[in-house]
Amino acid sequence: MASMQEQNWDLESGDCIQKETSSSSQTPSSSILSSSFLRRRPNQERPPVGMFKQFLNNLRLVFLGTKLCVLIPAIPLAILGQCYGFMTRQQWIFALSLLGLAPLAERMSFLTEQIAYFTGPTVGGLLNATCGNATELILALFALRERKILVLKYSLLGSVLSNLLLVLGSSLFLGGLANLKMEQTFDRKQADVNSLLLLLGLLCHVLPLIFGNSVEPQLLDDMDQNSVVWLSRTSGILMLVAYGAYLFFQLRTHRQFFEAEGEDEDELSENEAVIGFWSAFIWLVAMTIIVAILSEYVVGTIEAASDSWKISVSFISLILLPIVGNAAEHAGSVIFALKNKLDITLGVALGSATQISMFVSWHNSALQVPVSVIVAWTMGIPMDLDFGLLETSCLGFSIILTAFTLQDGNSHYIKGVVLCLSYAVIAACFFFHKMPASESLYQR
């Protein structure tokens, strides 16, 4: 394919550089484009030279380069309120921390993409696939450290359900309304692959549930309970193997299934590195530390927020946490659907759900699953994949409903309506589902 000369400014040195790139390498993946439309278009003028000016320029790009920057003041307020105690009510610490996680999640995705421009398509794709849901993973690990197993399970399950029903449903609904006079179509190959992996995750989720209930409660002894834990650990390892095969399939052998097509030059021009490798790496480390701090606040104050607001912990963990943590990704998916780019929308919604289900710990539902189970194993915590009959049923019906929705390769707004209403029904179910005493948060 024809090659072209590309002129960029090196922000690390301030020098003008020219590089030759093939047109095939300029096709962005859905993971890179997932939230790009939430970002402000960077200034294409020559960047300032000098370490201090470069720092100021990077500061502007990192903190003011997103439309979610209006939520950034919540971060210092939450930290100061927790450290100096001027906020006596813990529910406000929870609310501010939760709001602060939204822009941080989007900025971590942005910084990961910047690093990916310097590492090549394979490593870059792996970084985007692995770090794209870093906020949820960190939150899950802190819940695990506090041994709040149900909070961990509900948050993971909520991430999967929100991607499958809320994100995909709202995208199909709004995209169908914006394109009433044309039929929206997409490539079924990507949807089929993700659906198969989600069904595999569902199987690994259902078997511990059935296994644990196959013995009469009065006959259930420590050996049988230990068998459920070991079955879950084995399933977690196999889920990691499946996720590795999925990455190899996506990044090496069948990349064409996951590439975004039909992007115009303006959209492609936005997908250029605007910050240097080491600058992006340092900012990513700093963002990760801040996310860890806020995640600790969220996990530590969730019960106080539940008691104060009279909302069950299950609803907060399953509905509120995933919506805030994935806000940027959700908005990007909707915007691509409005532009009639459903392949990218499916890459964002189904891809994230698959990652949660297959990677972060076959997390009781979708993304953080295997990792959570394996990490719990190393910490001596007997975490299993038995999420309960109600929770597992919601996950199973959501996956099956999504698979039926995408089976014909085309879309219209009524499909989005059905998915959104399904999510609303599940949300209502857990709103009225009152979790037992607070000690139940620590083990099922």
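Backbone N, Cα and C define each Cβ position, glycine as well.
Range annotated as transmembrane segment by TrEMBL, chosen from 30-50, 156-176: 156-176. Between the transmembrane segment (311-336) and the transmembrane segment (196-215) there are fewer than 3 Cβ pairs closer than 8 Å, counting only pairs 6 or more residues apart in sequence, which means the two stretches are not in contact.
Within the chain carrying the transmembrane segment (92-111), a Cβ under 8 angstroms from the stretch's Cβ atoms is held by residues 34-35, 38-39, 62-63, 65-66, 68-69, 71-72, 74-75, 77-78, 81-82, 128, 131-132, 134-135, 139, 275, 280-281, 283-284, 287-288, 290-291, 294-295, 297-298, 301-302, 304-305, 320-321, 324-329, all 6 or more beyond its ends.
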